[in-house]
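Trainee: If you scroll down you'll find the structure; I have some questions about it.
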Amino acid sequence: MAKKTILDLRDEDLKGKRVLVRVDFNVPLKNGVITDDRRIREALPTIKYLMDKGAKVILVSHLGRPKGFQDDLRLDPVAKRLSELLGKPVKKLNDCIGEEVEREISNMKEGDVILLENIRFYKEEEANDPEFAKKLASLADLYVNDAFGTAHRAHASTAGVAQYIPGVAGLLMKKEIEIMGKALESPERPFICILGGAKVSDKIGVIKNLMNKVDGFLIGGGMMFTFLKALGYEIGKSIVEEDKLDLAREIMNMAKERGIQFLLPKDAVVVKEIKEDAPTSIKDIDKFEKDDIGVDIGPKTIELFREEILKAKTIIWNGPMGIFEIPAFANGTRKIAEAIAENRNCVSIVGGGDSAAAIQTLGLEDKFTHISTGGGASLEFLEGKELPGVAVLQDK
């Protein structure tokens, strides 16, 4: 990795120093209880490393999309869970800046951990307000960005603070960038990219950037219907982006010219209306009627994709194969996850978001090389964009 990480620092750079760590503790809550603590667990290596080196660790994160101060989005449940995981009390403050915060930090001992309040309670955070960033930076001697999930945002706590104090990457940030970077730069082949989700428009950048790198694309999810319609198929009332049909044709032609496989589904699970208990049927894609709605890939497609998955040496997967929130339409996503898990000879990378959620639901996390903690950030990374939260860190 071209950026400095905490591993590049000498012990004296950390011992007794105040270190502001941007983490991504944006975890799902139900009635004030954390339903999935993965993001907290992913941050532990960085936090423990800094504690062991005698740093005073000041954690900052957002949670949800608050409108000003909101009691139900305070970080108290996170501090409680983090304390349990570290086996050490984590003091949670009721603010991010100000006298009380400064006083608490001045009382910290080496190896102590403090969690500041939800940074998005301040609108200055998302505006990347320089004065606000300066106040945050004044709390510490060093900045560590370990929040890959927000690295694509230029906010005060993800980018702004690094204008005032030296910034380096944490261990999770390092892992994310190195694993995905290696897959893009020197993949073992065959290298396939599996894309799903509702919209082609969300994945255009990824397709274009990976067009020169992969051996094949496997396309599922709602976006498949834009490609199928572009080829002249009747898709009934399935989701389609009418304004992206020309672009879909252009992408398919580009793949053809370069000899890159571009696999579209052969069949789909079809309903007349999208609801939990809707009667389903399976249809080949050339048999759709005017009132059919495609909601998942069908068994022939699953088998076709599975064959390609089992041959692959590098796999990047982003986006579900159907409307997987509804159990009856989740089979395609489940079977693709199982096929990737079955291939023990490949590097498998899942780009956060819905695909990651599906894998967790299936309990297959340990069968994948890497499940990214960032949905939007991993997409932008795969698009070849420089992430603002990484760009501001010191070069090696």
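Using N, Cα and C of the backbone, Cβ positions are placed for all residues, glycine too.
Because the structure is a prediction, the values reported are computed rather than measured.
Grabbed the feature section from Swiss-Prot, which reads as follows:
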- D24, F25, N26, R39, H62, L63, G64, R65, R120, R153: substrate binding site (BINDING)
- K203, G294, E325, G352, G353, D354, S355: ATP binding site (BINDING)
Trainee: Using a 10 Å cut-off on Cβ-Cβ distances across all protein chains shown, tell me which of the binding-site residues (D24, E325, D354) has the largest neighbour count.
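Mentor: Counting every other Cβ within 10 Å of each candidate, the maximum falls on D24.
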Trainee: Whole-number answer please: how many Å between the C-alpha atoms of G353 (ATP binding site) and H62 (substrate binding site)?
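Mentor: It is 17 Å, counting Cα to Cα.
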Trainee: Does anything in the same chain, at least 6 positions from R120 (substrate binding site), have a Cβ under 8 Å from its Cβ, and if so what?
Mentor: H62, L63, G64, R65, P66, L73, E126
Trainee: Nearest to N26 (substrate binding site) by Cα distance: which of the binding-site residues E325, D354, S355 is it?
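Mentor: Minimum Cα distance from N26 (substrate binding site) across E325, D354, S355 lands on D354.
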Trainee: Within 8 Å of the centroid of the Cβ atoms of D24, F25, N26, R39, H62, L63, G64, R65, R120, R153, which other residues of that chain place their own Cβ, given that this set defines the recorded substrate site?
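Mentor: Not counting the recorded site residues, we get S61, N118, G149, T150.
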Trainee: Below 8 Å Cβ to Cβ and six or more residues apart, same chain only. Which residues does that give for G294 (ATP binding site)?
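Mentor: Listed in sequence order, they are G222, M224, F225, I235, G236, S238, A268, V269, V270, F288.
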Trainee: How far apart, in angstrom, are the most distant Cα atoms among the substrate-binding residues D24, F25, N26, R39, H62, L63, G64, R65, R120, R153?
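Mentor: Those residues reach a largest Cα separation of 18 Å.
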Trainee: Fewest other CB within 10 angstroms, which one of the binding-site residues G64, G353?
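Mentor: Across G64, G353, these binding-site residues, the one with fewest Cβ atoms within 10 Å is G64.
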Trainee: Run through the Cβ atoms and count how many others sit within 10 Å of the one on H62 (substrate binding site).
Mentor: 26
Trainee: Which one of these binding-site residues has the most other Cβ atoms within 10 Å of its own Cβ: N26, S355?
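Mentor: When each Cβ's neighbours within 10 Å are tallied, S355 tops the list.
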